[in-house]
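A short write-up of the structure that comes next.
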Amino acid sequence: MELKEEFQEAKAWVEESFHLNVSGEASLFEVNIRYIGGLLSAFYLTGEEVFRIKAIKLGEKLLPAFNTPTGIPKGVVNFKSGSNRSWGWAMAGSSSILAEFGSLHLEFLHLTELSGNPVFAEKVKNIRKVLKKIDKPFGLYPNFLSPVSGNWMQHHVSVGGLGDSFYEYLIKSWLMSAKTDMEAKDMYYEALEAIETHLLNVSPGGLTYIAEWRGGILDHKMGHLACFSGGMIALGAEDAKEEKRAHYRELAAQITKTCHESYARSDTKLGPEAFWFNSGREAVATQLSESYYILRPEVVESYMYLWRQTHDPIYREWGWEVVMALEKNCRTEAGFSGIHDVYSSIPNHDNKQQTFFLAETLKYLYLLFSEDDVLSPEDWVFNTEAHPLPVNHLDSSSRAGGR
């Protein structure tokens, strides 16, 4: 984005002040998608060696998370002692979470490529092996898995929080491999068919949405997090079987339209954390605890992918509505803040600017209004925190530095 001075300042900070010999616990998932993803991107975009070295060292710090009977990693790792544990809230500390252990593949393959150490790739390939072997209810992937027994801990399925980026990483692994990772491709389209069969619904008002599944009973709601799926389905449409391609493009457009409605139906023109389809109320939150907006990116992420695929001007119009709504409701003297209630015309700020606002929300908006060759999907795949990773074309020498 031509912010050269700021970049040099950040690089110096990473070199001199970003120490890894810290005590305390870290989230395997968050460190991977934010820190490692960001460092890998910085390396591939600039060729600066410091980012490669820090990414690999940080990857090594995460390896103790995988010390489990199944090789499915636990969610929390202690950087000093090397011990690991599951989140206390995940089935009373007994489970690993699908979106967390399922969103390591892209970064860990790059860590192996950049370090020459096969351990990173081996760890994530083993996760796939466990998932392929295990019995899946109706072809669906529940959100909680025991890293000890390798069994599902309950039957909650969601394309929103707890599940989301697992599916995204399947199609993106296929694309990042320059379309050679057939295993990822097959797993993605099979999962998508199961989702369509068991979770996809159309509301009485004609809105297409992906419900959540609890042991066969549907919650007729979508989380804001699930709104990335319009973009994901669009991204995967062109490699589907020929007779399904147009269908997936249409499905992507319909889901994205539903997510736009969750914004359009609020007073601030920003969408709530979760929205329901029941008793005549559609695409709106039904309780205050779900009415907040914390600068999340998933809706504009889908606008960006749909724009790049269709060039229908509606996606830029919708994106501009978000820009105006952010300016009006979220801008403060010190930055941008989340708001407590999207249905209140007087914004009540939460005084937090989430890091994903910069990494994702603003980046996807920037790309929505950029030329198609800026970080083209032919050459780059975005990790789930919107950090671009290069597609593994055979000629990798042109990647770093020159781009």
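Glycine is treated like the rest: Cβ placed from N, Cα and C.
Just so you know, TrEMBL annotations are computer predictions that nobody has curated.
The Cβ of GLU30 (active site, proton donor) lies under 8 Å from the Cβ of no residue that is in the same chain and 6 or more residues away along the sequence. Sequence annotations record features per position, and here TrEMBL assigns active site, proton donor to GLU30 (among others).
The feature active site is assigned by TrEMBL to ASP164 (among others). Long-range Cβ proximity for ASP164 (active site), meaning a same-chain Cβ under 8 A and a gap of 6 or more residues, is found for ALA99, SER158, LEU225, ALA226, PHE228, SER229, THR384.
For GLU273 (among others), the entry in TrEMBL reads active site, proton donor. Applying an 8 A CB threshold to same-chain residues 6+ apart, the list for GLU273 (active site, proton donor) reads GLY223, HIS224, ALA285, GLU290, SER291, TYR292, TYR293, ILE294, ARG296.
According to TrEMBL, the active site annotation covers GLU298 (among others). The number of other CB atoms found within 10 A of the CB of GLU298 (active site), across every protein chain shown, is 25.
Taken from TrEMBL, the feature Ca(2+) binding site applies to THR384.
The annotation disulfide bond is assigned in TrEMBL to CYS227-CYS259.
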